[in-house]
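I have placed the structure first, in the form of structure tokens, so that the comments after it can refer back to it.
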Amino acid sequence: ILHSGMEEDADLQFLLSGGDLLKIRSNSWKKHRFYKLNEDCKTMWYKSHKTLRPSNPTCESFLFESVRLGRQTEGLRKNTDDKVEGQAFSIMFKSRRKNLDLIASSEEEAKQWVAGLEKIISHMSKLNPQQKTGHWIFNSMCKADKNCDNKMSLKELKSFLQDINIEIDDEYAQELFEKCDHSQGGYLEGEEIEHFYKILTEREEIDVIYTTYAKTNGFMSAENLLEFLQKEQREPASLSDALILIDKYELDGSAKEKKLMTKDGFLMYLHQMEGLIFNPAHKGVHQDMTQPLSHYFISSSHNTYLLEDQLKGPSSTEAYVRALMKSCRCVELDCWDGSDGEPVIYHGYTLTSKILFKDAVQAIKDYAFKVSYVVLLCNNLLKQTSEYPVILSLECHCSVDQQKVMAQHMIAILGSALVTKPLGDQMPKDFPSPEELKGRFLIKGKRLNKLEDCFTPDASAIEDDDVTEEEESGGEESQEERKEEKPKDKKLKLAKELSDIVIYCKSVHFHGFEDAAARSFYEMSSFKESTAMNLAQDSANKYIQHNVEKLSRVYPAGTRTDSSNYNPVPLWNGGCQMVALNFQTPGLEMDLNQGCFLSNGKSGYILKPAYLMDKDTEFDPVTLTRGGWLKPKTFHVMVISAQQLPKLSKKSTSIVDPLVKVQVFGVPDDVAAKETDYIENNGFSPMWNANFQFHVCVPELALVRFLVEDYDSMTDNDFIGQYTLPFTSLQNGYRHVPLLDKNGDILPCAGLFVHIMVLDD
């Protein structure tokens, strides 16, 4: 970054000099710390006092997600006064690490911290893979240079190799060292270190591919590249497409001028969007968004307010922010009477902490359709979460008076974005589309009267009345499981004001498919996990037909007090739109959810296949009878290699033994998994060249997951990284696969290199 035109930037120089900030953890824990950006422009460290040596913990800017100016976090609003609004700022992390709340000595200083950090974050996000690798290797070299003399001894070289996840024997280390030590001085420096870097980052598998097609004086011409694109990548490319790739990704100016691609340019292309496994045509919104709401899978969260478990974990508005920023489009609010007439949100009958209902609604309003401006030198870069509708699923246990307060808050905070009456001038016969509901909020909850009454002149005559409480979201259901004395059909008096803003998502009990078929389209049911799983298994076709015209929400069993999740795939196969998961709990289930909603612009809405939108469909994912849904494919995958896998242990001598699992999820007949052997002591550049073959019958419902683990002969393998994507978003040919950590965030330098071939059976 110091060599990218920013070395004279005032904000960057300010960060390199550092300054005193007040760190806020609670109302009673507020301490001064000296923060400073390291010369690597990647890490920041702090110390309690300038006279003390720096503390070991550092913050990596690769892990920074954003910086917020002002008291925009729950911690700052709760633990500081309004008067420090302009001096406050927060650093948000990609991982589940708590945000860092800070107070500067002045508003000007706070703005400078924020401006500088935003430039760093934006710059890091723009690094290409080679730059990220170089950045990472450079920092590891600096770490290995114990005496800071900018030279590398044999001992330091061994330490460096261990740090980047390579275990080599002493004889090979000596041979590598002597090969680069041209001066025979007993250490490496300058060009010798550059030589060592080139040897280290050499990609043998890329060399083989490039050499095969570099038929023009050792380089790839546009015609050679076109041959590669058509023959290996199976793309309907033209000569013009090849020339565009050379112009975009060739690094050598002389080669570019001659319309040639060097090996470095070829590697750059393979690391970019066009060379990744995920089809770039699916990166944006590419599906028909004008279908009724019931024709989409909708990314949904359970007990969204929780950061941890269901019994004593903290509740936070930040949990809503995190879910929404991951394009969740259905959030849950578990509402109870609070003090001072203000409703609160928490998991009832438990020790989970409480947050104000109005604060949660405000956070939802602020981040549902968030547009953030990231400053990069003179350019403003726009980043927006999904613009498609957000559904607020209410689990209401409040008194009538506090229900009225809830309604008042939602109307006041959400304003004109809140849907308070059906769209159009006449009673609709079906749901509006996501396109029609862009930027709008829908309320899911109980309603006293029919939606048709919105068009009846005397509808205002309806008064508060009793309704049966919803069995919902593991809250009510789990309380019934824990409190047997609670009546099954407890009556709750419902305020008219709250009832009136429930449009399109009226909650009703499910009493069977025949009863549901007689109900209006806007009357929807929530299903606990076990009930939904049974329906998806034993009555799959009827469940699918039900979900063509009705909305269904599924929630985890009340016994999942640890906030664990269930497999969402069978419920998607059954046409369920809102398969709600605990977003705060990483694991396979959330990987599948993130993979399912990866395409269509990460909008949180995925259009169902045609056979899940047909009310007369005969599709059954369990019996899998013949029909248009059967589009059998043979899926060939060759796992070639991996690059820069992260170390799992802080011990310098601990090196991973990686293996790769390729898993297919979908209808029962398509579920399969295969794995490579493990490679001993090499996380930097392991190579497998392992071939697998899968048969996929219903590709439109299939997901593919690449899982990398650290082999352990004594215990379960340890998770290293994974990537999940829709089967229909696979690209053929030689492709790089990015890897995500357990929280679903990108691992900056790590990845797989594979060859994909999908063929019609």
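Positions of Cβ are set from backbone N, Cα and C atoms, glycine also.
Because the structure is a prediction, the values reported are computed rather than measured.
Copied over from TrEMBL, here are the features:
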- 23-50, Lys444, Lys446, Ser526, Arg553: substrate binding site (BINDING)
- Asn303, Glu332, Asp334, Glu395: Ca(2+) 3 binding site (BINDING)
- Ile655, Asp657, Asn681: Ca(2+) 4 binding site (BINDING)
- Asp710, Tyr711, Asp712: Ca(2+) 5 binding site (BINDING)
- 462-479: compositional bias 'Acidic residues' (COMPBIAS)
- 480-491: compositional bias 'Basic and acidic residues' (COMPBIAS)
- 14-122: domain 'PH' (DOMAIN)
- 498-612: domain 'PI-PLC Y-box' (DOMAIN)
- Ser183: O-linked glycosylation site (CARBOHYD)
- 462-491: region 'Disordered' (REGION)
* Mean of pLDDT values spanning the domain 'PH' (14-122) -> 83
* Asked: Since the record lists Glu39, Glu332, Asp334, Glu395 as binding-site residues, which of them has the fewest other Cβ atoms within 10 Å of its Cβ?
  -> Glu39
* Length of the line joining the Cα atoms of Tyr35 (substrate binding site) and Ile655 (Ca(2+) 4 binding site), in Å -> 32
* To do: Check the Cα distances from Glu332 (Ca(2+) 3 binding site) to each of the binding-site residues Asn27, Lys31, Lys47 and keep only the ones within 10 Å.
  => none
* Asked: Ranking the binding-site residues Lys23, Lys31, Lys47 by other Cβ atoms within 10 Å, which is at the bottom?
  -> Lys31
* Quick one: Cα separation, Thr43 (substrate binding site) versus Ile655 (Ca(2+) 4 binding site), in Å? -> 23
* Which of the recorded positions listed here (Lys23, Lys47, Ser183, Asn303, Ile655) have a Cα atom within 10 Å of the Cα of Tyr711 (Ca(2+) 5 binding site)? -> none
* Asked: If you measure from the C-alpha of Asp712 (Ca(2+) 5 binding site), which of the binding-site residues Asp334, Glu395, Asp657 fall inside 10 Å?
  -> Asp657
* Asked: On a count of neighbouring CB atoms within 10 A, which of the binding-site residues Asp657, Asp712 is highest?
  -> Asp657
* Asked: What other residues of the same chain, not counting Asp710, Tyr711, Asp712, have a CB atom within 8 A of the CB centroid of the Ca(2+) 5 site?
  -> Val656, Asp657, Pro658, Leu659, Tyr678, Glu709, Ser713, Asn717, Asp718
* Out of Ser183, Asn303, Ile655, Asp657, Asn681, the recorded positions in the record, which is closest to Lys444 (substrate binding site) when you go by Cα distance? -> Asn303
* Structure fact -> Listed in sequence order, the residues of the same chain lying six or more positions from Asp710 (Ca(2+) 5 binding site) whose CB sits under 8 Å from its CB are Leu648, Val656, Asp657, Pro658, Asn717, Asp718, Phe719, Ile720
* Structure fact -> Within 10 Å, the Cβ with the most other Cβ atoms among the recorded positions Tyr35, Ser183, Asn303, Lys444, Asn681 is that of Asn303
* DSSP residue counts for the domain 'PI-PLC Y-box' (498-612), split into helix, strand and coil -> 47 helix, 19 strand, 49 coil
* Structure fact -> Least surrounded, by Cβ count within 10 Å, of the binding-site residues Asn27, Thr43, Ile655, Tyr711 is Asn27
* **Cα-to-Cα gap, Lys23 (substrate binding site) vs Asn681 (Ca(2+) 4 binding site), nearest whole Å** => 41
